[in-house]
Every structure is written in C-alpha cells, then in structure tokens.
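As recorded in TrEMBL:
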| type | residues | note |
| --- | --- | --- |
| SIGNAL | 1-17 | signal peptide |
| ACT_SITE | Asp45 | active site, charge relay system |
| ACT_SITE | His81 | active site, charge relay system |
| ACT_SITE | Ser300 | active site, charge relay system |
| REGION | 688-802 | region 'Disordered' |
| COMPBIAS | 701-714 | compositional bias 'Basic and acidic residues' |
| COMPBIAS | 729-741 | compositional bias 'Pro residues' |
| COMPBIAS | 756-768 | compositional bias 'Basic and acidic residues' |
Amino acid sequence: MKRCICIVAASVLQVCAVSDLELINAQSAYDDGITGSGIKVGIIDGAVRSDHPSLSGKLIEQIYSKDKYGAYTPDFTIDTHGSHVAGIMAGKYINASNPYGVAYDASIYAAQITGHNNIGTLTPPNIYDFFVDKDVSVINNSWNANMYPIVSMQGSTYYVKSLSSRDANFFIRQAYGNSKPSENLSRLSRDKNTLVVFAAGNEGIVSPGLFGTLPYYDESFRSWLVVGALDSANISKDSNGKIIISSKGSPEFSNGLKGTQNYSLVAPGTNINNVNSPYMIRPSFGRVDRNLYTKKSGTSMAAPMVSGAAALVAQKFPFLNGKEIADVLLSTANRDYQAPKVVIKETNGLDSDRNSPYFGTKRNYYAIFYIDNPIPRKDDGSIDKDQINIDLMNAGYDRALVAGLSQLNNIKYPTLSSHVLVDGGYAAVWEIKKEDMFGQGILDVKKAMGGLSVLDANRLSHSDIVQNYKQESSAVYYKLDTKGMDAEFSNDISQRKWDSSTHNAGALNLPIGLADLNVGFIKNGNGVLKLTGENSYLGATIVRQGGLNISKRADQSGGFISSNVYVENTASLSGDGVIDRNLYNDGIVRPGNQDLSDLTVNGTYEQSSAGTLQLDFGDKKNSKLIAANYNIQGKLEYIPLPAFYTSGSYVSIDLGGLKAHLNDFSNVAVVGNNAINFIAVLDEDKTSINKPDLPQLDINEQDKDNAADQKPDQNPDPILPEPDKDPNPSNPVHPIEPAPKPSDKEDNISGPTQDEVNKPDQNQDKNPDSNNNHNDSDKNPDSNNNLIVTPTVKPDAYNRPNSDIGAALREIRSMANLDKRYKDYFAFLDNADSKNFDKALKTMESIDYMSNTAQIVNGHHQFNQNSMLFALNPTSQGLSLARNFETEPILLASLASDIAIDLGINSYDEKRYIWYMSPSYKKINGDNYSGKSYGLNFTIGAKPSDNSQLTFNTSYLESKLNFEDSNSKSKYVNFGSNYILDLDSVKVLSGASLGFGRNTMQRGLLGSSEILSGSYNNFLASAEFGLAKDLKINSFTITPLSYFSYSYIFQDSFNESGNVFAKSYDKIRHDSTSITAGINLSYDLDKFDVNTKLSGFVIYEYRLSGKDLKNRVKFRDFQNQTFTQRYALNRDLVYLGFSSQFDYTNSFFMRFDLINEIAKDQYNFNILANLGFKF
C-alpha cells in the first residue's frame, strides 16, 4: 500500500495521495463480507505458480500449451507474468502487511498460452472447451495484439492509412486468424455470457490493441471490457473526496481508450506489488529476484484489478451474467474526477525513416494529448510550441524531457518526427475527451456493491425496444432477471441515451432505432429487487415477475422513481418510496416494508380487476397507499403484521383516501395468520366501519397518539426469524361481514350481501384531499375512515399430531396480562411462514427426551441379552439379540454387541471358569439425527454343574445423540446375571438385570436465543426367558432360537431451566414385552493351535405390548396448562451380522463383530472386539 502524503496546493485545498485499493474503494466490500468467496475466475496468461504462498490452494485446474516436446513446462524464474496477474486478481489474504488479490477468496482456473521459449512455438489449448463448463464469472487477459485498428496503427510506430478504410469483418478475421484464444473467448462471451476482460496495452497509443476493440467492430459482444492503467502515486483526493488525476497519473506507457468508451474503464497499474514466481527457486544460471513479492507496471496489472472487482460483483449479485456484471462496473465507475489538462504518451519502436541517422534502431516517440482542452495555437492557426512547453512544465514533466522534445530533428513538431508518425497520420498532438483516455471512469468497487447506476442505451440492442407498451411511448428497456434471489440496488439510477458518436457506423450487429429513446427498466424472474436510490431514468418501470421494492434509505433519502410503474399480474410491488408519476396494478401492490409505512404515488393509482391492493395493519395503525387520484377495481386485502393481537379486542384500521373508493373494489377482506382470524364488521353506512357494541375510537385522539403517522412503532414486536414476505399470503382471507342491526331477528342476522357490504354511502365525498389521509369525522360525526377488526384465536391453532399441546397453547395465548416475553414469541409464531411455524411448534413440544428414554431401555435389555448369550456358550461369546425399543436413535449400545452371532453349544475343553471384556462402538444414523455410543463390558462365568452355566456381568456406557434441535448425553451402568440349563434336547435361557442411568439434555426453541436444559435419572429392570437348539452338520452349526422379554423403566420427574416455554415433566413408569426369533450359522476351522469360527446371522424382533410411551407435561410458567405427549415405539427390528472368533490353546480367545441394525427410520452400525480367558 502506498503511503498517504498530504500537501497543500496553491488554492490552499488539501489533497492526499491514495493507495491502489483506496483508489478503487475495495475495503468497503470486504467490510461487508464480499471477498470473492464461492466465485470462480479464469486467467489466460503465462503459467501460474500454484505453490506460491499467496496462490497455494487457489488453483482448481491449470492447462498448458504444447511445444515441440509436448506439454509446456514452465520455468518460474522467467515465467513471472501469469503468477503476478493471478495474485492481483485473486491472491489469498495472508495478513494486512502482505499484498493480496482484489477478490482474495475467489478460486482460479488458469490456461497458459505464453512462455519463455517464444510464443510462436507454442500451440495454445482450446480455451472454449476448457472454460465452457467451469462456471467462471470472468476471464482475465493481460495480453493483446500490436495492431491498433481504430487509429490505423500497425505496430507501435507504423501508421497504415489503408486500415482506416477496412470494414469490420476484416478486423474480426485479423483477430481470429492471429489468435485462436481470442476466437474461443468470443464464443464464450456470446454463448455463455462470460465476462472477458482485456488489458488495453502498454505502447502509449491512444487506442487499445486489436483484441480490446472487438466490440467496436461487432456490437454483439457485450460481456467484454478493456482496461487502461493509472498511477495512484500521482493521484490524490481533495478535501471533498474528489479524485484529482495529475498528468503523470496517466502513465506514459498506458494505451488510451479512444473508440472503446462504451465498454472501458481504468484502474491502478503502476508499481503493483504482488506475487513473485521465482520466490525460493534457485535458477539454472544467473541471478533472479527471489523475494516473496515484486512490483510490476502495465495495463496487465490494471486488468486483473477489474477482473477481481467483477468477482466481487458476482458474489454480491449472483444472478448477474457477464454482460450485467460489466454494466455494473461501467455504470458505477467514478466519473467525478478532475482529469489532467495535458498528458504525454511514450511509444517505443524502430525508426523506419531511411533518411534518419537512427534508421533501424529503437527509439522513443512521444505524443501529447490535451484532454477536454484545445491545443494551443497561434493567431495564424499553427501550433504554439512555446505554450505547449509551458503546459508540460506546469504539468510536472521533467524539464530535460520537455527540452528534448523541442530539439529533436527540428522537423515539424518534434515530438513524433518520423515520417510514419506525421500529423496527417497518427498526430503528434491530440485534442481528446477524457473518455478517450479514461473510458467510463475509474473502477469503484464500493459503488459497484450498490448495483447498477446507469441504464445505458449504448449497451442495449434493437431487441430491447418495446413499442407502445400500454400508455407508454416507444422506449428501450434494460431487462434484469433476479433468478429467484433477493437483492438491493442502492445507487441512484439514471439513463444514458444512444450516442451515435461513440459507435462505429460500420460495426456488425449495430443496433438500430435506439436514437432519442428513453431507457426503462423491466424486472424479470422470481425474487425481490429493492431500489433505494433517486432513480431518474425516464422509461417506464415494468415489474413482470417476482417483486420490486421501492424504498427510502435509512437517512430517508432515495426511494424515488421518476417514471410510470406497471405491475403485471404475476408480480408485486412494495416499499415506502415515492412514484413521481402513475402506478398501474395488474398484480399485487403492498405499501410499506411490513413496517406500517406508506407508498406515495404523485400521479394516479390505477388498479385493474386482476389487481390486489394489500395494506398491512398492526395493533395501532396501518400502511396506506397515498395517491393524487385513484381508479380502482379488483381486491383490497388487509394483512396483519407480526404482532401480538389480544383475542377478543379490536383493531382500528385507517382507510385514508381509499374511503371514497371502497365501492370500487370487487372484494374487501382481512387476512388471518397462523393462529388468528380477524373478523371485520361493517356499520350500516358500509364505509365508516364501527361495530355498535364496541367502544368507539376517538380518531382525533388516535391522531395525537400517532402524530408521526409515517413513522413505524418505536418498539416494534420482534420477528425471530423473519417470516417469508409472501405478497400473496396463504393464510385464510376473511371477507368483511356486516354488523347485524339491533332489531334483526335471530333468523335474519346474516346482514346484507357481499355486494352491499362493499358499497359505500353513495353521498360520500369521492375527492380526497391532497394527501388522501384525512377523515370525515367533522362532516359526519357518526362515521370516520376507520375499520374495526376483532382478532380471535382459531379453534385448531397450534395443534400437533399425537399431542394435546394445541389446547394448552390456545389457553395461554388467550390469557389476559400475558408476559411480554410470551407476547413476543406468539407474535413470531403467529406470523411465521408455514415451515418455521411447524418447526417452532415441534421445538416447543420436543419429545426427544422420550426417544432417549426408549434408548435407555433398549441398551439395558441388550446388556442382559449379551450376558445370557455368553452364558449359553462361554467359549464363543454371543452378541446381543436385541431389542428394539425405539423409533429414534439408539443412545446406549450394547456392551459387547447388539446381536448374538454364535449361539452354538460346542464346548471342546473342560475349563469351568471364564472371564472377558468387550469394548464396543456404535455409529447411529436416523432420518433426523446422528450419534454414537461407546462402552466397556466385563463378565465372569462358571459351570455350577455339567448341564448348566451361570454368569455375572457389569458394564458402563456413554452415548451422545444430536437431534435437529436438541442433544442428549447419557451415562449408564448395568448389573446382570444369566443362567442356562441344558436339557440335551433343548437349552433353557434365562436372565435378569438392573440398570441405572444419568441423562442430560439441551434443546433450542426456534425464534428464541435461550437454551432449555434438564437432567434426570432412570432405573431399569428386565428379564428374559427362552429356548435354543444346536444342529450340527460336520463343521457347520445351525442354531435356531427364540425368547420372550420383559422390560420395566422408571424415570424421575424433572424440570427444565431456561426462558419461555420451559417445561416440567412427570414421572414415567412403563413396561413392555416382546418376542424374538432368529437363526445363526457358524463354521469351524481347526488350524494348528488356533480354532477359528466364522458366523453369520439374521434376527427378527416383534413388540407385543407397551408400544407407546406417554407422559404428562406442563409449562413451568403455566402450571394449570398440562398436556399429554405420546411416543410410538418401533414394532419391528431386523439384525444382520458377521463374526470371526479365534480360540487359542493357551485358553485365550478373541472375537471381532460387525453388526447392522435395520428399522423403519434408522440404520445403525456396530463394531465390537472381545478378549477373554478360560481357566
């Protein structure tokens, strides 16, 4: 970064030099989190060194040219250009003291086309094929050709007069013929709308090289930019922030932008510090700069500044295509700068004058450019050389250079004395506009983050003309598709009409018919585009799809549209801004920003029969559409804003200027929300809507209370999170009902028909005052502009399946003097979109603790099964046959396993005692959860008699499970015993166990930042009884088995700690029975001193009783509001597994098991290891 040096000019105006990033205003984007993250950029250049610290991890892919040896091999001690350019565009941010890229979080695709061994020997890769499917937002090209066709220059010193008469096709052919990459880029620009950025060139010519001029010759290229360079060390800002470019601020090497102003801009390109590719590389010969970074100058450095900025725009507005990104960068380029009066450009080339003593040698040639100032001339019209010298000296140019320019050869004007650079061809002294040197202006990232700033007819085409749209004259329209995304354009948007002087009359695809047309704006695509600027374009604003929001900025500026606005029947308009002309509604218009503010139309508001006007209301006021005139058809809907509405109270709605036009609406209705119906009641006059049995609202007093009627509530109800702003609410719409007359009989209380309801008194005033916000209480004391609405809780509000929590919540919702915390939460809940409403009720009810309880029971039973199956055959320890006691994840896995794999009776020694220990791990996967458990089991066993076995076991497990909105942790200890009796024909299985668990849980409540937490204990008991039989066939053992199980759990009552809707839970006492059946197949392999057994199994369990858990719950703050929670346990569970066991002659054995558990809504995977000893 350059140092900021303040000086005082002769006018005593303080100025300060700026750094490169300060000049382009990049920091503001970073402050808003816009860094290029998620954006892919392309670079076509020399090879890029991917392992440089600033580029490490940045390159997604890089392809190379081919030379005579095959794929090009870069030498990064020489191939330095591409890495430096890539670093400027997207080098990573390491720290503030190191250089970084403009889009430092963007990723890079690179294509190498230049190299150290001469570009002429290289065959470039197919650029189109490489980039066509890469979804890159911009491709940077810091290279160009040495033809400058707009000013008829071939090479840097040859003026070729015949070039001025060549047609556009000639130059397109020249570009494509000399460079396949440029042809490929043209296809990408046209076919994919990929933004292509070219450097203007470093030859000091007033116009860019050939590849930067293609849109000048073919106007179908709209996603194309060309970039000139600035020297920020010679640029400053005055005390008002205006940029002052000194003469040296336009570097002598940088080509100008003459002929390309419709698609060009400038950026810093002098002494740019960035990636040095020879870093830490030892060269084959010679010495190189091995520093981490190095400085380079050129338009090659300016172009990636713009490409990086394009990536930032692409991140901020992901719906923009390449042409639209270019429009944003061009329209927001800083034009508010002071250009220098005169600049010098330096051109280096061979002297081709055979009469010159310098013939055949390289020389420096100079041209002088007066910017928006006339060339000094004498009275006879000749150039005043002396005045030019004075101007150059005053501009700060070196005295020796100026003196030298006055003495060279003494032929014509001495700046460009060669015969190929004479005044008749490429002039020595020029008079140009500042756009010829600086294009649309200086890159301004900060302003680009505000979206479009100019609707430029010069970047549109004939197809953008819309003739005689409704009431409009022909205009050319800028069309923008937001593709379902929301965005804000905060800049003031003006228009720029077609300027034929900036176009090539002979260009291909030159638009016709755009002269003198105003420019309008068409909003396409879903999503809402917010305009907060002073928008002065004169073509119409047409909302065809999605939404357009016209709103003021925080400082109350902006939010202005100067044109007519049209809302078509699939679109919507909202906001608190001002439309200076007319608003035509065939869709939905919703004034304000759901903040009770108003939309103002200085002309006529016209609504067709297909249109709907939606006015928001709160508990104290409502939004209004204020127009000078109204022409009304269609519907009127009142929509409640997120707030707490007390059931049975009334809300007064101010009709404002619409009072006189109620009869013109085909339907007037009030929209309900998730939990509240709003019943509106009309009085007999059908307009001043005051229910006779409700207290009358003093409108004058209301005006006092809401004196600043345009201001939103100072303490608005919270909205956490904000519901979808659906302009066409899905909640029920309740037509306004008339109030019954006091004398109506019971069988005739339905009142007048809907048509009668919507017709106002025919004698009322239909000419509202200027602000259309008055009331007629003075004219008719029995009526006013107000509608009375009564909120009532829906009879099925808050209902949830398998629970009566809805009734409890309705009772709480209807309580008088409800705490503000609960009012705030009900305000959020009642007005949330359907997805958040359902999720909030789910988190409020939260039965995850019951799932945890089911898992505790399951784990305990599995422990007992493991012990029983080990007792069945201690030489081949069995895995738990298990019980499925849940539909939710298993939190407590079995200690050895969840399945019995080897159930065979195959004692082959006389050992009478055994012990083993088993570590286990389980991965739990469910529909809406994930988790894991791990534990350790220790078992000892003995043979009390030859036909029986007895075991004692203990285990410890820990588990953790993450649900969508909660998490649970459990610690669990089991003690058990099993007894097996062998009756020869069959084995009798039995077992019993006790368990103790400690559980903690935390859960969130959608819309609240509070965490609710609780802890509780469990006591468990279980017993099993069953039969098993071994069938041996050679080395195979087939074991069918079946057993009956009983389980009991007691769970303590407990209270949650936390804020709103913390609950108290009653005790749980629950028992359950099930039956299990399965088959195991095992195979013995006797090898030397190790007996190996391989086993596989399938087990099925069916629940007989206790299929539902129930518990009584209440909210801690509302002890009288209890409700029942129910939890359905899984009825069926299947186990599949594989096991391998190794028994050694020294009495040690070990076993490894893999087990799958499959239920309706879960899949669990177990890994177990067992180590034991027989004695």
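Glycine too: its Cβ is placed from the backbone N, Cα and C atoms.
Overlay of TrEMBL feature records on the structure.
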{"residue": "Asp45", "record": "active site, charge relay system", "CB count, 10 Å": "26"}
{"residue": "His81", "record": "active site, charge relay system", "CB count, 10 Å": "21"}
{"residue": "Ser300", "record": "active site, charge relay system", "CB count, 10 Å": "27"}
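Here the Cα atom of Asp45 (active site, charge relay system) is found 10 Å from that of Ser300 (active site, charge relay system).
Ser300 (active site, charge relay system) and His81 (active site, charge relay system) are 9 Å apart (CA-CA, integer value).
Asp45 (active site, charge relay system) falls within a strand when secondary structure is assigned with DSSP. In the three-state DSSP scheme, Ser300 (active site, charge relay system) is classed as helix.
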